[in-house]
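Student: Pulled these features from TrEMBL for this protein:
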type    : residues                                                                               : note
BINDING : GLY256, ARG319, GLY320, GLY344, ASP345, GLY346, THR347                                 : ATP binding site
BINDING : THR373, ILE374, ASP375, MET418, GLY419, ARG420, GLU474, TYR531, MET532, ILE533, ARG534 : substrate binding site
DOMAIN  : 249-555                                                                                : domain 'Phosphofructokinase'
REGION  : 1-42                                                                                   : region 'Disordered'
REGION  : 629-652                                                                                : region 'Disordered'
SITE    : GLY346                                                                                 : site 'Important for substrate specificity'
Amino acid sequence: MADPQINGNPSPSSKPANLLFALPCPLSSGPPPSPSSSNATRTKNRCLALTATDTAPPAMETVGTAPAPLEAPVKKKLLDLKNPFPAGAGAANGAKASPVGKWTMKKKLVGGDAGYVLEDVPHLTDFLPELPVRARPLCSLISWVSSICRLSRIPSKTIRRIQSSSKNSPHFVLPFYCFHPNLIIIHPDTVVPKLTFLPTTCSLRQYFVNPDDTVTQKIVVHKTSPRGTHFRRAGPRQRVYFQSDEVNAAIVTCGGLCPGLNTVVRELVCGLYDMYGVTSIVGIEGGYKGFYSKNTIPLTPKSVNDIHKRGGTVLGTSRGGHDTNKIVDCLQDRGINQVYIIGGDGTQKGASVIYEEVRRRGLKCSVVGVPKTIDNDIAVIDKSFGFDTAVEEAQRAIDAAHVEAESAENGIGVVKLMGRNSGFIAMYATLASRDVDCCLIPESPFYLEGKGGLLEFIERRLKENGHMVIVVAEGAGQDLIAKSMNFVDTQDASGNKLLLDVGLWLSQKIKDHFKKKPNFPITLKYIDPTYMIRAVKSNASDNVYCTLLAHSALHGAMAGYTGFTVAPVNGRHAYIPFYRITEKQNKVVITDRMWARVLCSTNQPCFLSHEDVENMKHDDDHEHHLHNTQLLEGESSPAKNSSNCNGSVPAG
């Protein structure tokens, strides 16, 4: 029997046999329904018609539109992705041939017109070419319908699940007793065969990301500039490579604490459960070493419901402990085929090695990174989660230091903030506070003694204002401390250089300087809020950001992408290859306007000569030019590598 006409006004005599119920859909956009429709008059809103099925349709489309066929892959020119599996590899000497053979990570580049370069991320089909594509799952319809009911303030108990009398999968029906003012009952006792959307709502297909959508890395260009580097846009795909019931996902948090860790864990669990119907999700305790030394923790939406209201991580964390073979053995033994690794640049380097080993073994397992660093020192991305919260909490410490300094004679408040190699927290907290007189960061060297030095500036500012506040990042002035103490470099378990306490050292140097001036007494207060900032829960801005990161990560994994990290680039979330965020760190550019704004706010000297500034600017420009040259004119050039693109031959 054909579907009834829904595009126009429904006839009173026509009874749609394939609709279950309709309710207001405040989230959709589009023109309102015809006012002559009786249903539209009752709801005064566009309605979403929901039905159930035992199997997912090939595609979820607007009523009256044929399901979209599987999209043919667009032929593009791959710049550099040599076939890593030569025929017969490993077969010599009687050895059993590996499904993947020996593999080394290579850049997967796609060229286009006008200097367009896509730095693509790996896909499972790169080394598992026979992997079948799936239609997007209908997921758990009960949880989905319940979510819509909550949005429309319809009690979730009005939806109940019953088993079909046949051997098919369960159907869902709406009982007679659940009348509600916002609910239009069409056929409450009918079990119906498919999910449909009324034409007055926007098509669900518009929710999917276009396969050709990319995000540009550099947003400011000249009219003659090449289009430059792009990354694949993050978001849900219409076709996926995992069935809901076959997914075994694992989540691990590594490295130091950061606001928002629990929020990311929560949204990964709830997103997998609610959007894809995945129910097998475990947490790995204690960082990387938890893969092979501890038991897993089952994670459900109920168990993670309130964890975003707490600081730290419910999974625990640690530094080091990375043993690639043991970790991948664990993934293989436990049947884990999606692993979400949350951590900083060191953690992402470890994730990259895990991905390489997974690919070498030919496992169907997506390895996904979620970048975490409170210092905001991960390259390429706009910012890392927890950074906004850290700046907000740092400002509280600065406010306290300002009160202390202002209340004393020649008062000095010294605040040490996080920033091992990058001074972003110190810079942004200084701009947010407007009470800071001097901001010291690792990227901008300074000196103490002599004309134009820091001590001379402190003395001058105290004479002018009677008090001052100094903000110093933990990585600033380390070379000066090492020289004065003959300190030998040591490293922690993550391979990070152990830093000396620049706050205590600087405070002592200031006190020693003014001891030589008995007619110039000072009162100095030193505040170190480092661990207080790391341990707080994330603020509203970071909570939203963590949600977007988690959803983008799981969409990519379900779509078969692997070996990538997810983060916003120029405001758009993108999938970025591991090597792009681990090859260097993000640092404050002291020739940039943001640092100039800091100098304008504090009225401090830059402690650098004109030659130093020009040299730094030249180094920055040269590095950016070198990267573009390598992509467009180096070994990956279409002209030089036009015949080794996975065996494809470029069009003439």
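Using the three backbone atoms N, Cα and C, a Cβ is placed for every residue, glycine included.
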Student: For ARG319 (ATP binding site), list the number of other Cβ atoms lying within 10 Å of its Cβ atom.
Tutor: 19
Student: Please list residues from the chain of GLY256 (ATP binding site) whose Cβ is under 8 angstroms from its Cβ, counting only those at least six apart in sequence.
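Tutor: Long-range Cβ contacts: THR317, ARG319, GLY344, ILE374, ARG534.
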Student: Measure from the CA atom of GLY419 (substrate binding site) to the CA atom of GLY320 (ATP binding site) and give the result in Å, rounded to a whole number.
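Tutor: With distance taken Cα to Cα, GLY419 (substrate binding site) is 20 Å from GLY320 (ATP binding site).
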Student: Kindly state the mean pLDDT of the domain 'Phosphofructokinase' (249-555) in the predicted structure.
Tutor: 92
Student: Under 8 Å Cβ to Cβ from MET532 (substrate binding site), same chain, six or more residues apart: give me those in sequence order, or none if nothing qualifies.
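Tutor: Expected: GLU393, ALA397.
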Student: Consider the binding-site residues ASP345, GLY346, THR347 and say which one has the Cα lying nearest the Cα of ASP375 (substrate binding site).
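Tutor: The answer is ASP345.
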Student: About how far apart, in whole Å, are the alpha carbons (Cα) of THR373 (substrate binding site) and ASP345 (ATP binding site)?
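Tutor: Cα-Cα, rounded: 8 Å.
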Student: Between the Cα atoms of THR347 (ATP binding site) and GLY419 (substrate binding site), what distance do you get, rounded to the nearest Å?
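Tutor: About 17 Å separates the two Cα atoms.
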Student: Starting from the Cβ of GLY346 (ATP binding site), draw a 10 Å sphere and report how many other Cβ atoms land inside it.
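Tutor: A 10 Å sphere around the Cβ of GLY346 (ATP binding site) contains 19 other Cβ atoms.
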Student: So how far apart do the substrate binders THR373, ILE374, ASP375, MET418, GLY419, ARG420, GLU474, TYR531, MET532, ILE533, ARG534 get, largest Cα to Cα in Å?
Tutor: 17
Student: Including all protein chains displayed, how many Cβ atoms other than that of THR347 (ATP binding site) lie within 10 Å of its Cβ?
Tutor: 29
Student: Can you tell me the CA-to-CA distance separating ASP345 (ATP binding site) and GLY419 (substrate binding site), as a whole number of Å?
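Tutor: Cα to Cα, ASP345 (ATP binding site) and GLY419 (substrate binding site) are separated by 14 Å.
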Student: If you count Cβ atoms within 10 Å of the Cβ of ASP375 (substrate binding site), leaving out that atom itself, what do you get?
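Tutor: Here the count is 30.
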